[in-house]
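Database features (TrEMBL):
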type     : residues  : note
TRANSMEM : B:20-42   : transmembrane segment
TRANSMEM : B:302-324 : transmembrane segment
TRANSMEM : B:345-368 : transmembrane segment
TRANSMEM : B:388-410 : transmembrane segment
TRANSMEM : B:430-447 : transmembrane segment
TRANSMEM : B:467-489 : transmembrane segment
TRANSMEM : B:510-533 : transmembrane segment
TRANSMEM : B:741-763 : transmembrane segment
TRANSMEM : B:791-818 : transmembrane segment
TRANSMEM : B:838-858 : transmembrane segment
Amino acid sequence: MTGFAAHGVVKRFTRGTETVTALAGVDLAVAGGEFVALVGPSGSGKSTLLAVLCGWETPDEGTLEPAAAVDRGWSDLALVPQALGLVADLSLLDNVLLPARLRRHRTTRTDAPGDPVPLAHRLMADFGLEHLADRYPHQASLGEQQRAAVARALVLRPALLLADEPTAHQDRDHADALLDALRDAALDGSAVLLATHDEVAWSRADRVVSMRDGRLAAGAPS
Amino acid sequence: MRLLPPWSRAPLLGLRQPAAVLAVLVTTAILACAVASAPLFLSSARSAALQQQLAPQCAEASWPEVGVGVAAPVGDRAAGLAAAPQEAWAAEGRASVPALLVGSALGAGGNRQQGVPVAGADGAALSQPATLFWRPGALEHVDVLDDGGGDGVWVPASYAQAAGVVAGGTLAVGGVPTPVAGIYTDLFDTVPDEYWCDYEDLFTNATSADTPPPALLLAGDEQTLVDLAVAARGSLQSSAQVEVDGGTLTSSRAAALGAATDRALARLPDVPPDDGGKGADPRLADAAGRAEVLESGLRGPVVPVAVAGGLLALVLVAAAGSFWADRRATEVRLLAARGVGPVPLAAKAALELGLPALAGAAIGWAASRLLVGGLGPAPELDPAATTAALWAGVAAFVVGLGAAAAVAGLRARGTAERPLGAAPRWPSRVPWELALLVAAGWCWVLLEGRDAVVSQAGVAQVNGLLVAFPLLAVAGAAVLLARVLTAALPRLRRWAGRRRPPVFLAVNRLVAARAATATLLVAIALPVAVLGYTATLTASSRATLDAKVGVQLGAGAYASTATRVDPAAVTGSDGTTVLRFGNSSLTSAGGAGTDVQTLAVDPATFAGSAFWVGSFADRPLQDLVTDLTRETATVPVVAAGLPTGPYELRLGNVPVDVDVVATADVLPGRRTADPVVLVDRSRLPQVPPSAGSDQAVERWTDGDVATAATALRDAGAVRVLDTVPADVQRTANFLGITWTFGYLSALAVFAGVIGAAGLLLYLEARSRSRVSGYVMARRLGLSRAAHLRSLLVELVGVAAAGVLVGGVLAVGAVAAVYRRLDVDLLRPPTPLLDVPVPAVALTVVAALAVAAGAALYAQRSADRADPSSVLREDA
């Protein structure tokens, strides 16, 4: 089984003299092919958990399986951060294809199996971005940028996909398109963890876990 | 009206953006430095011109001096006149050093005569009269041979011997028995110290060794001299000088001294000119006048250069205003969205940036003061120039802050109002730079009808158009080329799509910010072009000037004599001996005669010592000289300014059949406009003195001219004259040219600093998206090394392109101008081209090093970023 597991993860931050415990012993496992929605109020620790899982933050306590590391490739661990992280100097299409380019994939369309280029173009089309392919991120709306960031996360069919509020700036139709794509990724074997406030997403997930004050609980909040 | 917090708290809010504060502070400092440097530089140049003119002269040349003289007999007026100059200076509140001279006397027949008649111990009149001199401290600057310990006059040893007196004896000076206080070594037998520099005429006679000056009797004290002047019915010259350090003199101080001199002169008693008269030493005033001429000549090119530098810096300040708008984007967008217009937004920017701009202007003014004082022609600056620079700094603050605020307000408002993906506004598509090129063309047309270098009162000055033309042309062409190159960038993007990630990312960054790329390209190309242009023209004008001097002298220096010595007997380890025929002519068959300068040379040593530049002929000098030794029936000669063929050479009235076997454009030793003819000395017949050929034997050398003079004396020469480069060219005359290009070079370096500051601003303005992109790209699989390579490709690539563009522009500007930069039209050769390879190489290396350093800096900033917080901040 691919996917990941976190055991007893604790993460604290120091702000001045105050110590804030963002994650207070989180245990969570997501199996390959599973689509899990992580829900909770703002400041509950969702983004911190994703940062720990992708290796940008180091846990103070607890273990991760497999060990989170920033050098894990995009096909192992892809991410849609809240800030999106699109490269401002690349067009939306080039942003989507960037993971493939950095893995020395060809970025011209071929019919070779596993070629990410057709997938990139399909995702652009599915997300309503085809006509914006040559635009820079700043020439697109925030919602369009967000969809491009999700397309970029999916382009190498990652084993683990972490997405932080990927539908936050979407209308319902586009949000559904994104959720469909994430659902399809899970069906293809990816472990998908989605931090979201979108209640529709909860219903599309295989499982919902809720977070409050750095602690996880099964099921959606009441 | 009550200000809302965004405005009332603006000065404090501004400090929360250290990057924007720093950007405005630095850019305003650069602007203030640019505009404040002009008056300071002009003042510095004026001081240096004054000091450099005074430096080769005696120290007294810079001492204001007034004097009064009365022809013999001075009579009862002596005491009053002797004290008058000192009293005049004292009335001005200045202490002065007096000097008294009795240079003539009324003879027995009532005729005034040079010197005072003196009779020796035996009462017999000496054939050589004497001059009586007194100046404080004179006896401390002579070699005392015998001190009698009493009052009286001090007598030079040779004169004492002729008079048969010793210390304690008596001389009859103008018929007045005068005790001999002591004996000193004749000054012309010693190497007199600086004290005597201005009084050499009293004991030497440079123009004729046959008529020695009167003997110099030094009065033991002032009263002795005055008493003798009266008793001997002599003349009296009394002067007083105010001691001044000419090495630190400023023009304003010289002017003040000049005014004081005029007032002191007016206080002297009036003496009719035919009875002596009164006057002031003109040397300081002359030097100050020439310094003024030089400064006025500099003003033409320097002011436009300073304005250009100021405008360039103003663009940078405006960019800093835009940077502020980026940094405060969230707040200004919010304000703009709530209907706040560009004017209130500009006011907010002005309030936030006012303090840093003020500090920057103050720093810029202080920096200009330090830079000009430390690196300018002279560290001494006029107080008026410092004040003018201060006002320039204030203007820089006001204009700079206004520009930054206006751009910030417009950009803040424009950013909020501009729709996504909107096309660039029309002003950015208009090729405004064509106006610069048209202006450059206009300057060139004007320059065609005028001299590029003009001489006013013997001071060479660069025509301002010669500076304006290349500046405008280079600036216009740089912007136009940058526009064309950046317009072609999208094609490069397609090419980069097939390249590896570092190239792909670098090219995409450049394409995505085409305006910034174009600006960066211009910011690098412009200083490189101006520096290349100025460095090359400075080196070329210096090389040309040196060549002109070299051609005139024939070598590094020469010693010459009109004494008939055998040139073959003049030998030495270095140098060559040349027999010059001042009166010679060359006549072709059936043609008219042409006056020439004939140099009979030693083919074995001539080429090794003579000044030569490859462009003088299409063959080396050694080859030309070898032609002189050809075994032919007629004497072979090499000529400059005449065609080849048979001629009759007349040396005075001695004819010699010669054949011009080779020619050159310029030959060394050319002293007049007549053609120069080189001939092997051994092939010429004896030319007797009666031939009227005006012969002179010269020893040319690149070494010590004193050695050359000794070689002539050893061969029997009696009177030998040394001629060195300083005798040919008065360096101060060409300072205007040197400093004009020096100032332009400083502008280029300054523009380079602007370019570097612009580069940092460019990086800082884009650092947020760059860091965010980098953090994400790292997650996507980009290695740190690949990212650094992409930065190097991006920045070093632009720098290399800028250097290339700048180099091409510099070559074009130099090619268009250098032939016109003839610092002395009368003397050959025509302008030479001298490319200062080390300076050019240093410029290229510096540009690339700054770009590489900026890439490392950007990489370091990206490395320090915390991915988690970066990707949250942007959210």
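Cβ coordinates come from backbone N, Cα and C, glycine included.
Automatic, uncurated: that is what TrEMBL annotation is.
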Task: Could you tell me what the rest of the chain brings near the transmembrane segment (B:467-489), counting residues at least six beyond its ends with Cβ under 8 Å?
output: 300-301, 304-305, 308, 431-437, 439-440, 443-444, 447, 507, 510-511, 514-515, 517-519, 521-522, 525-526, 529-530, 533, 740, 744, 801, 805-806, 809-810, 812-813, 816-817
- prompt: Which bits of the chain, at least 6 residues beyond where the transmembrane segment (B:741-763) starts or stops, bring a Cβ under 8 A of a Cβ in it?
  reply: 23, 26-27, 30, 33-34, 37, 41, 298, 301-302, 305-306, 308-309, 312-313, 316, 319-320, 323, 375, 377, 462, 467, 516, 519-520, 523-524, 526-528, 530-531, 533-535, 537-538, 541, 770, 795, 846-847, 850-851, 854, 857-858, 861
- prompt: Does the transmembrane segment (B:20-42) reach the transmembrane segment (B:791-818), going by 3 or more CB pairs under 8 Å (6 or more apart in sequence)?
  reply: no
Query: Where among B:345-368, B:388-410, B:510-533, B:791-818, B:838-858 do we find the most Cβ pairs under 8 Å to the transmembrane segment (B:302-324)?
result: B:388-410
Statement: Sequence-distant residues near the transmembrane segment (B:345-368) by C-beta distance (under 8 Å, 6 or more away from its ends) are 6-7, 10-11, 13-15, 17, 20-22, 24-34, 36-37, 40, 321, 324-325, 328, 332, 335-336, 389-390, 392-394, 396-397, 400-402, 404-406, 408-410, 412-413
Field: Tertiary contacts of the transmembrane segment (B:510-533) (same chain, 6+ residues out, Cβ under 8 Å)
entry: 312, 319, 428, 470-471, 474-475, 478-479, 481-483, 485-487, 489-490, 492-493, 744-745, 747-752, 754-755, 758-759, 762, 765-766, 794, 797-799, 801-803, 805-807, 809-811, 813-814, 817, 839-840, 843-844, 847, 851
